[in-house]
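Okay, structure first, notes after.
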């Protein structure tokens, strides 16, 4: 393919996306302080579409730790973990994460996407089968596809459908993979039933608790803490540090044997530069705050109840979510975009989520709540939604 043909193909694809209302572009916010952001044209908006569930992303304490360590050590690690990039800060964070989640050990990855690709590829391959919920995050589906294992998807949250698929399958090794909290719907996976199925069928269970860690459980240990499941019930736990923890990166936690295996086999960990020591040190502090400042979870839960009650009073439909993810399905992509723009005109930033992220005809306003929000800000959003979507 020559350069001209490539340009034509790209132009046609982009034009089709624009025509369907599916063209994407990053939105620039000059700054975000707590729940408020400053747009490129200088307007202040209340942000209701971030994943900063505990309001830690703008807390000054992790920032001060980062500044101190950056002053001492510079901005980067300089190498991969297995070369010369592994520092005491990485060790400290891995110990803190293992302790928080009740696992023997943890391994730090640069992103959640890399963690999911790396761990699935390290555990299964040709001759094996991966079973995934149809609404799993793209990184989980991509991990299964890239591993070479057979991918079999089951209906969302349907353990009976999964049981039938397990009974029909003759794979050498079988891995059940699920989100803990589903990122676009906000509902929780039936992890206790999945753990039982895994035991009954000799399969392994992997849970990506990106949106549950820090939010669910008495100590913020996530959906597995809330459900009382240990590392034998769920051998592979993935968590992210860029959502409730308010920092950056991800991790895999489980028995020491699992972590030792990943150090040998997880290509997305082996062949990449280790995270910045300064960022990592800041994350250690953020994890401490997420664990011990329980008022953040209590305030967040109160805001979720307040928002749902307000939306119910308006007669609008919400999905059955008790987490900070509160989606309002609008329908077509252009309708969701129009609603998002109308909310921004009223001072509220809520991103429209469109296909292919969600199925066609289910474009939505994905409202996310944070401990940084005030009750008054939540009430203001509810009133604005009533004006924009009022029936």
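Backbone N, Cα and C atoms are what each Cβ position is placed from, and that goes for glycine too.
The substrate binding site annotation in Swiss-Prot covers 24, 137, 357 and rests on sequence analysis. Residues annotated as pyridoxal 5'-phosphate binding site in Swiss-Prot: 112, 113, 183, 211, 240. Under the heading N6-(pyridoxal phosphate)lysine, Swiss-Prot lists 243.
Residue 357 (substrate binding site) sits 16 Å from residue 211 (pyridoxal 5'-phosphate binding site), taking the CA atoms of both as reference points.
Between the farthest pair of Cα atoms in the pyridoxal 5'-phosphate binding residues (112, 113, 183, 211, 240), the distance is 14 Å. Of all Cβ atoms in the protein chains displayed, 27 besides its own lie within 10 Å of the Cβ of residue 243 (N6-(pyridoxal phosphate)lysine). Comment: substrate site residues 24, 137, 357; largest CA to CA distance 19 Å, whole number.
For residue 112 (pyridoxal 5'-phosphate binding site) paired with residue 137 (substrate binding site), the C-alpha to C-alpha distance reads 10 Å. Cβ proximity to the pyridoxal 5'-phosphate site centre (mean Cβ of 112, 113, 183, 211, 240, cutoff 8 Å) flags the following additional same-chain residues: 137, 139, 208, 210, 242, 243, 250. Taking residue 211 (pyridoxal 5'-phosphate binding site) as the reference point, the recorded positions whose C-alpha atoms are within 10 Å of its C-alpha, out of 24, 137, 243, are 243. Rounded to a whole value, the Cα-Cα separation of residue 113 (pyridoxal 5'-phosphate binding site) and the residue listed as 'N6-(pyridoxal phosphate)lysine' is 13 Å. Per-site Cβ counts within 10 Å over the binding-site residues 24, 137, 211 peak at 211. A distance of 13 Å separates the Cα atom of residue 240 (pyridoxal 5'-phosphate binding site) from that of residue 137 (substrate binding site).
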